[in-house]
Every structure is written in structure tokens, then in C-alpha cells.
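Comments concern the structure below.
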Amino acid sequence: MTRGLELLIAQTILQGFDAQYGRFLEVTSGAQQRFEQADWHAVQQAMKQRIHLYDHHVGLVVEQLRCITEGKSTDVDFLLRVKQQYTQLLPDYPRFEIAESFFNSVYCRLFDHRSLTPERLFIFSSQPERPFRTLPRPLAKDFFPERGWSHLLGKVLSDLPLRLPWQNKARDIGYIIASLQEALGEELLATCHLQVANELFYRNKAAWLVGKLVMPMATLPFLLPIHRSEEGELFVDTCLTTHAEASIVFGFARSYFMVYAPLPGALVEWLREILPGKTTAELYMAIGCQKHAKTESYREYLHYITRCDEQFIEAPGIRGMVMLVFTLPGFDRVFKVIKDRFAPQKEMTAAHVRACYQLVKEHDRVGRMADTQEFENFVLDKRQIAPALLALLQAEAGNKLTDLGDRIVISHLYIERRMVPLNLWLEQVNGQALRDAVEEYGNAIRQLAAANIFPGDMLFKNFGVTRHGRVVFYDYDEICYMTEVNFREIPPPRYPEDELASEPWYSVSPGDVFPEEFRHWLCADPRIGPLFEEMHADLLRADYWRALQMRIKNGHVEDVYAYRRKQRFSVRYGADSRPDKAFTPPSGKVRRSA
């Protein structure tokens, strides 16, 4: 093989990435039309299609490379030269960071995730950090309130590319101004101007306007979820201006945004200012670049593990029957390994568990299911594993371990955001915090069900609490589609003795679920039971679940809000929410600074 072959292979990989990202942008660009046409099922299909594109194009490139090399063996020096040639193609390449991740994916597919060394892969980027200061097209546009905030917001909304009429633009502008005045006060608002992203961020049934409230000493998020009414008219549902609210909107438990980003790195840097608590991995994940987010997540792990003296330990909480979960005490992620053998009541295979995790990756997570990154042949230093955990790994997942002396290799694991297990949280809180947690738990189940997901095992231990107090589901081995479940009432006992029998007096088929039985484990705690009955008693009735099933089967797609319903303009300013009525801010026109 000649030296020219290395360049040909490098060019083939980069061209394959160009094709993949071109299709990625093509699918993304259809988001506006899907929104305008209210084609919500197409929204869901496009989300899955875009996720599958990456692996599909990696496979195409792998087949091309096998043809190019004609099945000849490739030694280490040859592979290093290919990477060197690829590196030389990247200095002027606009998406170099994701192109490196694509190279890694091709290599892993070719060599079955083995020999994953920094010499052969882009474990760390080969390129210096690039500030995106000169762009072929600006990412955002500035708006100044010289003629008042009403005029400014009118210009912002009129500049949107959406081709639908507004339900009542003047009313929505009044709502936004009132919300800004409540959040900032008139004097501070008078010192602000807006910077608004040129592209809308589409997700579920909303088109998000994402911007920045730029003040002399700080910058805040400015987020407007724009919805489409059943009559085909646009309206703004709320205005979010805090970092915590923005963090939830861009959260790890939500589906990826559809936002047209030819330069994703530049968009990530632009977003960082209003999402200071998000890591680089989380920002790439939010805009749909999930494979590069995996690369960045691994880099964040390496950065942490090389600078700490902690040891891996079993994660807090009740030990799972399917997954073995461990963590580093100060790290914000957990590592999940499928056990070799499951508890007897778990009649499933490892392949089934992996399929469930893939379902979650592709499905609308509605802010209630944690995203995961999947890794193969993950290497750990033994000195950084607590002896008790190492013994547990060897006992429970020994078939997935390869002992390399001072290191072990785990053939397959998931990395997921670390949360406080809900059962531990409920033990620690009282009063309003307890009430909020129970309300969140029930809301999580409702929203999952509305998205056609039945959690299966709804024990508190299978849910976690985020730093924002949201309850998120994270145990996926028993999930299924709502439409696959048969929700039944428990038949009345035939005789008084039936209720005392160890076996049910009625037949139970696969897929049967009896919501009345939820009460036994959800309401057993006297601190929790009355709260659950007060707020979520309908979850204990089979007819509630069947009604949801019917809505799903009839094609209804529920609205998903990344904020509390009490923040919706229709709730906050409900008396003035009629389409034919404009809204006047409480304090009238905002004063302009001199």
C-alpha cells in the first residue's frame, strides 16, 4: 500500500462525515414546515431519523474503506499515518471537532472498539481552541429599545421566519413586557437590549426563540416558546429569563432541539453565556450532536479522573436487580453495567435491556427520562476502584470484565447524569419539599404516559431528583409503550376467603396491569400516602390509563412544557388572554434610559 492510500482513506472519512452532517442539516431544516403544518408525528419520526443517520453513515464509510484496502491488513504505523493525514485536513474545516468524533466512530466500528489509544484516536482534539469571532453569517442579531420595548418586541416577532399569522401579537408583546417588568423591574429593563439567535430551536410542539437580555453588568437568558393553536395561529406561551429556567429547558432529560447549525461549535459557544451551568457535552447534546457530546463527556470524565484521588464506589441507593451502578463521590455522573444474572423476577435478557435504553434514546423524553451515553471496552485503573466495588463487579458482572493486571476493561456500560434517588430524597425532606416531591413524582408518571411510555416498575427507587428539584425516571428495563399494556380493574372477590389467599382469584395475562395495586407500594408510607391520594388518585384507576391509551391510539400528541404550568401566560394573565384583546403592562410603557 502506498503513502497516497493514507490520504485517500482520510479524505473518504471526511467526505463521509460531510454527507452525514449534510443529511443532519437537511432533516433539521424541515422542522419549520413540520411545526407550521402541525405534523407532530413527523416531528417524532424526524427525531428518530436524525439519530439513526450517524450510525448509518459510519457504516457506509466502513464499507468504503474495506473496499479501498481490499481486505489487506493494516499495521500500527499505517493507522497512525491515516490519522496524521486526517489531522492535516482539519485546520480550515468548519466542523473539525465533530469530524474528529466521526473519525473515532469509524475506527471503533472497523476495529470492534479495541486498541482505543490516544495515538490512534482523537481522545483529545488535535486542533487548538478556536474562538468563533469571524463567521460567514452572524449567529444572532441585536435589538435596541430606542423606540420602546413594545416596538422592539414587535420587530423581533415580525422578523421570525414563521409563515403563520399571529393570534394576537399585541397581546403577546404586552405579556412579555409585563413578565420582564416582574422579573427585572422597569429601571433595570430600561438598561437592557436583546440579542436573538437567527435560528429558531424546534422541539415537540414548540418553536423556541432563544436570546440574551444584555445588561451593563450581566447577561440573562431570554426564551420564548412559540406555539401553534389548533386554528393555525401563533402565540407566545411564556417568557423565561433565569439561568435555572434555561437550564431546565436545555436539560439532559429532554429530547434534542432541531436547530439549523452549520457551525455547531460556534452555536455552543454562543449558548454558553446563558447556560453557565452546562458542560460542553450537555450543550452539544442539546442541539442534537449526541455522538460528539459523547466524546466531550468522555473528555470531561478524563479531566476529572486524572485530577482527583477518589475511588469508584457503588452508587447510593437500593441495589438494582438488573444494573450495577457505581460512581465517583464528587463526580456528577454514574456508570451502569448490565449484570450477568438478573433477579428471578426479572424475566428478560441483556439484549432486551439494551433495546430499552435505545428506545429511550430515540423517544421523546419529555423532561422525565435521563439521556445516556453508551460505551464499549471502558478501561478503569484498579487502584481507583474501591475493593468492595471491584469484588462486586467481579461477582455480578464478571463476564463483562477483562483483567489487564493493573487495569480492568468493562466490555459495555452506560454513563448517565447522577441524581439523588427519589426514595432517599423522600426520607430526607418534610413539609412543602415533601409535597413538591410527591407532586413531581406523579407529574413525571403522567407526562411519561402521555408520551406513550409506561415505566413498568414505578417504585420510588427507580426515579431520581435533579439539582432543580425535578423528578426523572432512570430505570428502563421494564419500560414499554402505553399501547402495549392492558390496564384492568381487579375483579371483586368471589368469596371472603379470596382476599386472604396467597394467589389471586382472577386470571393474569402477560401485559396485564392493575393500577389499584400501585397503592400498596406508593401509599404505604403514612407521610406520602395521603399526599399521593390527594394529588394523584386518578393514577390508581384503570379507566384513567385506558383514557390516555385511547388518546394516543387516536393520534393525539400531548403538549410538553419545559416549565411549570403556572408560568404560562394563559395562567398568569388569564383574564386578558382572549385573542381579541391586547394586554397593557401593569406599569404602562417601559421608561427608556436617557
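Indices start at 1 and increase along the chain as displayed.
Using N, Cα and C of the backbone, Cβ positions are placed for all residues, glycine too.
Taken from Swiss-Prot as is:
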- Ala315, Pro316, Gly317, Ile318, Arg319, Gly320, Met321, Lys336: ATP binding site (BINDING)
- Asp371: active site (ACT_SITE)
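Overlay of Swiss-Prot feature records on the structure.
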residue: Ala315; record: ATP binding site; Cβ neighbours (10 Å): 21
residue: Pro316; record: ATP binding site; Cβ neighbours (10 Å): 13
residue: Gly317; record: ATP binding site; Cβ neighbours (10 Å): 17
residue: Ile318; record: ATP binding site; Cβ neighbours (10 Å): 12
residue: Arg319; record: ATP binding site; Cβ neighbours (10 Å): 13
residue: Gly320; record: ATP binding site; Cβ neighbours (10 Å): 20
residue: Met321; record: ATP binding site; Cβ neighbours (10 Å): 15
residue: Lys336; record: ATP binding site; Cβ neighbours (10 Å): 25
residue: Asp371; record: active site; Cβ neighbours (10 Å): 22
Legend entry - Where Lys336 (ATP binding site) falls in three-state DSSP terms: strand
Legend entry - Cα-Cα distance linking the residue listed as 'active site' and Ile318 (ATP binding site), given in Å to the nearest integer: 21
Inset, instruction - With Asp371 (active site) as the reference Cα, tell me which of the binding-site residues Ala315, Gly317, Arg319, Met321, Lys336 is the closest one. - result: Lys336
Inset, instruction - Provide the three-state secondary structure of Arg319 (ATP binding site) computed with DSSP. - result: coil
Inset, instruction - Among Ala315, Pro316, Gly317, Ile318, Arg319, Gly320, Met321, Lys336, the annotated ATP contacts, find the widest CA pair distance and round it to a whole Å. - result: 15
